[in-house]
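Peer 1: Swiss-Prot feature annotations, pasted as is:
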- 182: active site, for beta-ketoacyl synthase activity (ACT_SITE)
- 317: active site, for beta-ketoacyl synthase activity (ACT_SITE)
- 357: active site, for beta-ketoacyl synthase activity (ACT_SITE)
- 618-924: region 'Dehydratase (DH) domain' (REGION)
- 648: active site, proton acceptor (ACT_SITE)
- 778-926: region 'C-terminal hotdog fold' (REGION)
- 838: active site, proton donor (ACT_SITE)
- 1503-1681: region 'Catalytic ketoreductase (KRc) domain' (REGION)
- 1802-1879: domain 'Carrier' (DOMAIN)
């Protein structure tokens, strides 16, 4: 870097000779810009360009929301433009970007300021470099391209910014428009300077433009956190959080210095150096580079040969960001401050604090500021600065920030550096010197003259020469001067006069000489250095006063063009002085004609720009509407902005909740509500939830809501209701309708109005029902249990959707407390938040589950009939609601519910009625292993197998296990820790007699044990301390400490104890923990029955082998001389029973023969429309008393109808199927006289698919002789329907015409026969050619048969009837086909609707046909049967009268199938290709799937049940369960009694249920205390029939650190307490259940005492069983929702990981207890004495993503150790196909083909091929027409068909796919991937 400036004469330096600018606020010109800076003012304001309230979010957290409503804006109308001046037509001006227009005006002003005329510029080598960044006008026009003006391409093209200037001024140099973002104009300056230096141009104009016309860039910059919230730029201040945007248009004119001097131009400043560079690869593209900025500054100074030390001021980029400002200050410090004197600080400022960041114009804003600073010698303050940045130590640097305006320091050269950075890394720098010092250093002159300058007048010879700049000495004279003014028209001239007068009047002069100088300069400037326009005027004056006066008086002479073109404007007859004539630089610019504005904005764009509301969290932002009173909102839901949505997961997918759609509709309604009235509530009705909106983690979901007045008619508009629809799109391809419905806004009315009174009464009824519901709900449920239950079926609710805090319930009802969900502070407030509303909806689930009945499937809302939401719903953090709900199952897969919520003031907040929820899955738990039926594997059993035959036993289980081997003993001494009993002495003697090789057995008597502990170190010890006696359980402190020393010192322990007494198992439990706490310890236990202890010699052999064996096993038992080891096995049988109990007595399906069943059967509904899973169950109704008016029919046949299909598929809510049957009367009621046993009859009814059917006699009819049972079973429904429609309702008369739709079906064929009988002209529709032929065979004329697949039949009917139509329509079609049929009616016609689709969907009906006096009637025979059975009986009689006289016959064709093929029969109807009727025969001997129902136990209301430890979480749950099972007397024992709030509440609720509760404080480990408690209980309560022992004390600590007291505290309640219960409760019990723990099975670390106690309890259960007493020990695993471990934070270590995947739910424990109690109440018991639960497998751990449990290292658990990979390998091995003959290949199943695949790609291709074939078959199209890139729903796979597809996928691929996956917006490829991932057939390499 040079230390001094180069000063050679003749230079290529570039001068700035003219400028113009327009900035925000008062800075409407360059002079006013300088005034703003000096006065410390700001152009900051709220945005006038768009409605800031529509785009800014005060919370600033939503994407595409503006962080600010403020900026720095031009005061002028940006649409105003002087188009005539530039010769631009209005049409073209309309299309021009205001940046182009303003650039033209500013360019002219800059040329004018430089003294350059249009004439001089024309054809000149002038280059034009214009920098820009944003194009808001272009974006505005592009918002609505259809409305764009003709010249849009030239008007908005960015290149035109430069080209337009070059074109107008006829500039012939380079013309470049450039965009380097915020550095654009300074880069343009650099390029312009280069063009001058290279000689390709002689003049250059540099421009920059930045207008902020739209909101888009505000929002996009906000996305990247660029903008400050208050719209201010706080340059270098610690409070800076971003920059404030600013508008500005500026231009400067450049010339080479030599040329400027030669042309007598103003040299405002000299550009000494420029440079540009790029940041390169930084951490992010918008982050600055310190190194690049340092290089940038150095390059500029090096290029100019400049010294850093001469620079006093640095005009920094200084946007006010915490990332950019510190880096820039550091770069300045590391360049200009190097080797700088410490007393010469660099002053750093930024113009952005005044006018904001003008982006593309920012560089020129800094340049113009710097020019004025150089000229004026003043440094303006940097405003908005108070505290230095903490990231840069300003105080220790040589930098300072000016906080007040001050003069330039010193008198030397004035030099300024200017920085400008682009946000993409394009940087620019310029160095300016003041003109005087520069010219002085070069010995050059300057032609600059400020009109305020008082520079001395050079004396000359008295000649005043016209504008050549020569210096001649003359004498002073009073000669008058001529001033030339011009304009494009008279108005322009007048405006120029006015601005000039205003300017001149601001001048003051110190003497006449300075006034004369000013006048000479003014005359020179106006005459020679300004463009001359066609309207001109000459003013002659000799003084300023005279000049002003003449202008104001318009005293001037018109000037013709000839005169104007001469250089005679300044008279020179008398030359009195010579003055150097200079161009004045501060004269007012040309006065533009801004009377016209040009703004080509469409309505659509304007509505967007001026929208009233911003994007909000639910509905997004308002959109332009396309209809009167239509409103549209659109937004993008991003999980990063709305994280609460992630907490709503259905079947593993994030699904937008139904409550969200309701909340959206309410928010939209709030937007358009009458602001002059108070809203009371929002009412919704007929809300249909359609396709689910699935949200992906990183893909925003587009949501659109439309709202308009509800058009209930096509010729009018009803305004009381608004119809809304919500759509979504997540793949930028397909929009899907998610929800639609109706909403009305209810406003507050006067309290005495009829509406208010009625509403008050209605609310009172709801509140009363709410109160009564709360009173009857006594069963409590923990919210955690509810949410885990919901998660088990696939409704995975996270924190935001877990706001239910209290639950009480009974069958069908619930009462809950719901907290108001409050999102974080950035979210916009809602009338009601979706999470809050969703949790209100969730209260229906406890009502549905009732008294501990689990929820079987994931159910989601599909229809809401009515809802009301109060407008002032509480949403504060502490607010909550109390609600009541009722719910019931309605059909196979639907629930019907309602609920009401009140706030804390007991005011109604939300009510809902007719909430329909539909099942979309079965109960599953994806995080736990399940069998094929979806049941959870929670139970295990402990099995003892021979130690020598382990392998062969376990081969039966198809698993391997650790071998059990024996080896010769080690050559070492073995110590015998000898007990006192004779058994111990005998064993000791026997051991010592054995040949031990080099070692020997050394006995240590018990009495010497304490003194010999040091001899145990590292030894093998055989402990006989508990042979025949108890050492451990009752050990005193010394004995306990001795035990601890034994365990600590010995390396190998073989402990022998009794298996006959339970106390001998204490050491077994402790040893399990010891092995887990000390991995190096070998601690083996041997349990020996008392009878085997006599054979000491054989026992010694066994013990000797165990002492030396390297076996991995540690627990042994000697039984009958056989040594055994234990293994833990899955207990599938118990699992199945528990699952059945948990399913409220669900079925187990077994094949049975119809004749062998021995009881009546009925067809049961399968799950979720699984036609292949239809089964039969016992018909309990057949066992009840036959009513007096009933008959009993032994069914021989039953008819199948399409309604059966709809019920099974879940599309019609019903619990039973089958509506017609035939058979033989088997019994008659006492009042029945018309039938006898043995009569052949048929019946119409409900649930007729059963072997024995009961019906009232009125609905039964004898069948004629000769009519088969199959025929008779097909008569009732179809004929009663046809008869009712045609004869009863339509009142058909002979000669009338009838249109029968779907005429080839059962009803259609029956209707044809009745119509023929009545003599009607028949028109009919069918769907295929075979059906057409069938009708023709039935006598329908060929030209009267039409197609039912489209609406062509309507044209055919009207054509055939010559426009009259038909008299009767029997309709079963829907939608447009119904509408067309309705319009086919003749005058006075009758339309009879027997379909239900349009009724279910609440479709609208055209009213205009009623003008023809038409009648529309709808009915369903089933409803007549239920509601008017007498009428139904009469119809049935009339039908059989027709059949009897052979007027009609049973419907043909008739397809008969055995009842065992009912699934196939239903599927046939589902396909829609059958003709006639289908009947099922009930012949005995058929094989049917029969369910054996498990019945939950019923507890006696005359017995007492004892619950020990009944006030813990699990104890209270069991108490409630017992009450639900019928118990009415409970004795609850606990150490402290019912002291806790929860215990008291539990007792109160039990007593409210009618349960007598005796709560006694009792220590069960104290036999006396327990006996007293039982005596008290016997006095006040019935006999005790059952005991639950759940007492426990936890004292967790490692055994090494455990005290004697801690040992006994844990043992006493379980060991002593359970023994005492055993002693006192020996006989007369229905059950004795011990709640032990799985921790006693594997030996939980730090719980040796607890494990020992648990092992004792297990042994005691076996002991009681051996004595013929009731007993079961349940080793319960971790609880997920209740008990001491209900809160996950209470668990430590691996238990935290195990709880969720392996833990038990409350419903599991209840199911287990139900099973145990039911089994124990039988004699003998059918279950083992010990049941293990809660043990997870390695595979389950792998699926859960956790480490395998450490207990799996124990050989006892080897059968649970199989991983997923091992399981797949085993499966692959077992399923390896044998060689297949070629002729059998075609018979391979899909499973075979998939298993044979060799790669994932092959499997995927195969599955896709099969799926496409299925879709093509469904559509009856060619396979080639199916595009796998499209979602399934695009091929008509709606919710009904989706069920079929799901069932097909399950059957074909063994893959359980959710309905959401089938109806999702994803392409078929994605569905195929899911099938491949879930198929049980697959085991393919990756």
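Note: Cβ is positioned from N, Cα and C throughout, glycine not excepted.
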Peer 1: Of the residues in the region 'C-terminal hotdog fold' (778-926), how many are helix, strand and coil by DSSP?
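Peer 2: Across the region 'C-terminal hotdog fold' (778-926), DSSP assigns the residues as follows: 28 helix, 62 strand, 59 coil.
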Peer 1: Quick one: of 357, 648, 838, which active-site residues lie within 10 angstroms of residue 182 (active site, for beta-ketoacyl synthase activity), measuring between C-alpha atoms? Sequence order, please.
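Peer 2: Cα filter at 10 Å returns 357.
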Peer 1: Which of these active-site residues has the least crowded Cβ, counting other Cβ atoms within 10 Å: 317, 357, 648?
Peer 2: 648
Peer 1: Out of 182, 838, which of the active-site residues has the smallest number of neighbouring Cβ atoms within 10 Å?
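Peer 2: If we count Cβ atoms within 10 Å for the active-site residues 182, 838, the smallest count is at 838.
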Peer 1: Mean pLDDT over the region 'Dehydratase (DH) domain' (618-924): what is the value?
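Peer 2: Mean per-residue confidence for the region 'Dehydratase (DH) domain' (618-924): 88 out of 100.
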Peer 1: Taking each of 357, 648, 838 in turn, which of these active-site residues have a Cα lying within 10 angstroms of the Cα of residue 317 (active site, for beta-ketoacyl synthase activity)?
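Peer 2: So the list is 357.
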Peer 1: DSSP on the domain 'Carrier' (1802-1879): how many residues come out helix, how many strand, how many coil?
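Peer 2: Its residues fall into 55 helix, 0 strand, 23 coil.
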Peer 1: Where residue 357 (active site, for beta-ketoacyl synthase activity) and the residue listed as 'active site, proton donor' are concerned, what is their Cα separation in Å, rounded?
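Peer 2: The residue listed as 'active site, proton donor' has its Cα 46 Å from the Cα of residue 357 (active site, for beta-ketoacyl synthase activity).
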Peer 1: Hey, how far is residue 648 (active site, proton acceptor) from the residue listed as 'active site, proton donor', Cα to Cα, in Å?
Peer 2: 9
Peer 1: Work out the three-state DSSP category of residue 317 (active site, for beta-ketoacyl synthase activity).
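Peer 2: DSSP assigns residue 317 (active site, for beta-ketoacyl synthase activity) to coil.
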